[in-house]
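Swiss-Prot has this to say about the protein:
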type	residues	note
COMPBIAS	1-14	compositional bias 'Polar residues'
REGION	1-23	region 'Disordered'
MOD_RES	SER25	phosphoserine
TRANSMEM	39-59	transmembrane segment
TRANSMEM	81-101	transmembrane segment
TRANSMEM	120-140	transmembrane segment
TRANSMEM	148-168	transmembrane segment
TRANSMEM	176-196	transmembrane segment
TRANSMEM	211-231	transmembrane segment
TRANSMEM	250-270	transmembrane segment
TRANSMEM	297-317	transmembrane segment
TRANSMEM	324-344	transmembrane segment
TRANSMEM	348-368	transmembrane segment
Amino acid sequence: MEMTEASKQTTAEGSANPEPDQILSPRRSLELKQKKWWISVSLCIFLVLLGDSLVMLLLNFFYVQDNREDSDQDLQYRGTWLQALVQNAAFPLLIPLFFIFPSPKQNQETTNTRFLSFRLILLYISLGVLVAAHSKLFALGKLYANFGVFTLISATQLIFTAIFAAIINRFKFTRWIILSIIGSILIYVFGSPEFGGEPDENEEFYSIQAWLTFAASVAFALSLCLFQLCFEKVLVKTKRYGNKKVFRMVIEMQICVSFVATVVCLVGLFASGENKELQGDSHRFKKGETYYVLSLIGLALSWQVWAVGLMGLVLYVSGVFGDVVHMCTSPLVALFVVLAFDFMDDEFSWPRIGTLIATVVALGSYFYTLHKRNKKKMVELYQTENNIDV
């Protein structure tokens, strides 16, 4: 009996005065979680850079080899449904990854599962149509607009992303994020790579190119914010994810949205009659039909790499951050294009070298905000666990 009372007293004392390891375990758990988060964000940034670089290199290769300059004006602006399709069609390769990535423990307390599933299906369809529209507009804008017009108008997409994020996602801006946004826009304007498929001076349709590029920018900005809304308000609350953000959600989103976008682009391809011109396009390709097919396959894979990385940044951080990273990759992509091609005596000039330095500042400003946010969580946990004011 005495031993029992002594053991109870010891247990009570142990509960009142827990060991240091017990006190620090929540902090260690949060530190580990934050390290995993930083690794995930870094991986997504790498995927965006890799995908963006491969897309621009292969797009330039495709249009250089396509004998575009020797075609009549009407034919030069064809093939945009094919390019829109290529941006989305490689999603089946992501299906094995969906089953490889682990799924969190299901939340058995989730209610209204049918309502959530219905909302999710509607969002997937809506986002798929929006992505298909952006893909088509992007392909048209690239061909109709010259380099200067396309770059200047495309830079406004980050402004629209910020506006939509404030309205749709209730995004809170800090002075460091605003600095990052301004820097990213300037980086994109002065550091974007040249494009081999842009029109000659006598081919330009100034009113058309401006509106096409503008519409593509708005569609892209809106899609980023809607992706974030879908992640935070719908997908994360489903029973299978149990209120946890995991990379498997990115794969699911990309597969479902790309499926809808692919269907829309296929309908457009056959309805416009572009499918009948595919054989002629392959015959005009300078490197031959084999390289024509391989370049399209490479483009399709590269677009998926880029999209998965971008979607991951939207999940782990925000749509604004995803767009900032996308724009900040432009100087490095331009460097790769300059090394691989020679367009109109294009070179990696001093303004572009300056944008590389500005990229460090722009991303550093946003990273500083993320660091402060994570540090604040650590301080709050320290206060809670130690019951003191800091």
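Glycine too: its Cβ is placed from the backbone N, Cα and C atoms.
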Task = Could you tell me what the rest of the chain brings near the transmembrane segment (250-270), counting residues at least six beyond its ends with Cβ under 8 Å?
result = 81-82, 84-85, 87-91, 94-95, 97-98, 101, 124-125, 127-129, 131-132, 135-136, 227, 230-231, 235, 304, 307-308, 311-312, 315
Inquiry  = Against the transmembrane segment (148-168), which of these stretches has the most C-beta pairs under 8 Å: 39-59, 120-140, 176-196, 211-231, 348-368?
reply    = 211-231
Task = Establish whether the number of Cβ pairs under 8 Å between the transmembrane segment (176-196) and the transmembrane segment (348-368) reaches at least three, counting only pairs separated by 6 or more residues.
result = yes
Message = Tell me whether the transmembrane segment (81-101) sits in contact with the transmembrane segment (120-140), defined here as at least 3 Cβ pairs under 8 Å among residues 6 or more apart in sequence.
response = yes
Request  = Look over the recorded stretches 39-59, 211-231, 297-317, 324-344 and say which has the most C-beta pairs under 8 A to the transmembrane segment (120-140).
outcome  = 211-231
Query = What parts of the chain pack near the transmembrane segment (324-344), using Cβ distances under 8 Å and only residues at least 6 beyond its ends?
reply = 45, 48-49, 52-53, 56-57, 60-61, 64, 155, 158, 180-181, 184-185, 187-188, 191-196, 310, 313, 352, 355-356, 359, 362-363, 366
